[in-house]
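According to TrEMBL, the features are:
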type	residues	note
TRANSMEM	25-43	transmembrane segment
TRANSMEM	80-99	transmembrane segment
TRANSMEM	111-129	transmembrane segment
ACT_SITE	D135	active site
TRANSMEM	141-165	transmembrane segment
ACT_SITE	D149	active site
Amino acid sequence: MGRVLRVTAAASVPAAETAVRPLRVRLVIAAIAATLAVIDLVVKHLVEQAHPVDADFGLLSIRLAYNPGISFSMGASLPAWVVIAVTGAVTLGIAVYAWRTAPEVPNSARLALAMILAGATGNLVDRIADGAVTDYLYTGWFPTFNIADALLTCGVVLLILVTLLTEVRPRPAARPEPEPQDEPAS
């Protein structure tokens, strides 16, 4: 905890490119997160359309369920607007954190942030639509979940691994300008 991943720009990168690069990195993360969130929402819709058809694939089955709470149905007894407000605030916090740190972290951390943001966004949009999150992946030994939940979990695990395994490089200190030396009098 308390470790901040920093990556310094290479000296050979032109100044014009370094000005564009942070925005490009941020937009790529946003595009990945949006794409993954849309995939999650489309699959949820398809599963709902196929209901009541369940499918058993051995280790994983499709069984439709609705979760009005957060993970593991925590907060299910709270009013829907409270759960939406809390998950919305958390999702916004994730988005701000990803936006601010994206240019300074390794690509693996960027992918992790995109996955976390995608999962949070997919579940938030689903919850706003009908007051509950659509779950459909069933193992028999774990609560029913969805792609967004898997993205959140895998993203958090990846971010923890990146944080633990990445060498933390402090930002180089600004070099003070050398003081002019007096020339000896002749």
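Any Cβ shown, glycine's included, is placed from N, Cα and C.
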Distal contacts, the transmembrane segment (25-43) - CB-CB under 8 A, six or more residues away: 98-99, 102-103, 110-111, 113-115, 117-119, 121-123, 125-126, 136, 146-148, 151
Rounded Cα-Cα span from D135 (active site) to D149 (active site), Å: 9
Tertiary contacts of the transmembrane segment (80-99), as residues 6+ beyond its ends and Cβ separation under 8 Å: 26, 29, 33, 68-70, 113-114, 116-117, 120-121, 123-124, 127-128, 131-132
For D135 (active site): intrachain residues, at least 6 apart, with Cβ closer than 8 Å: L64, A65, Y66, N67, P143, T144, F145, N146, D149
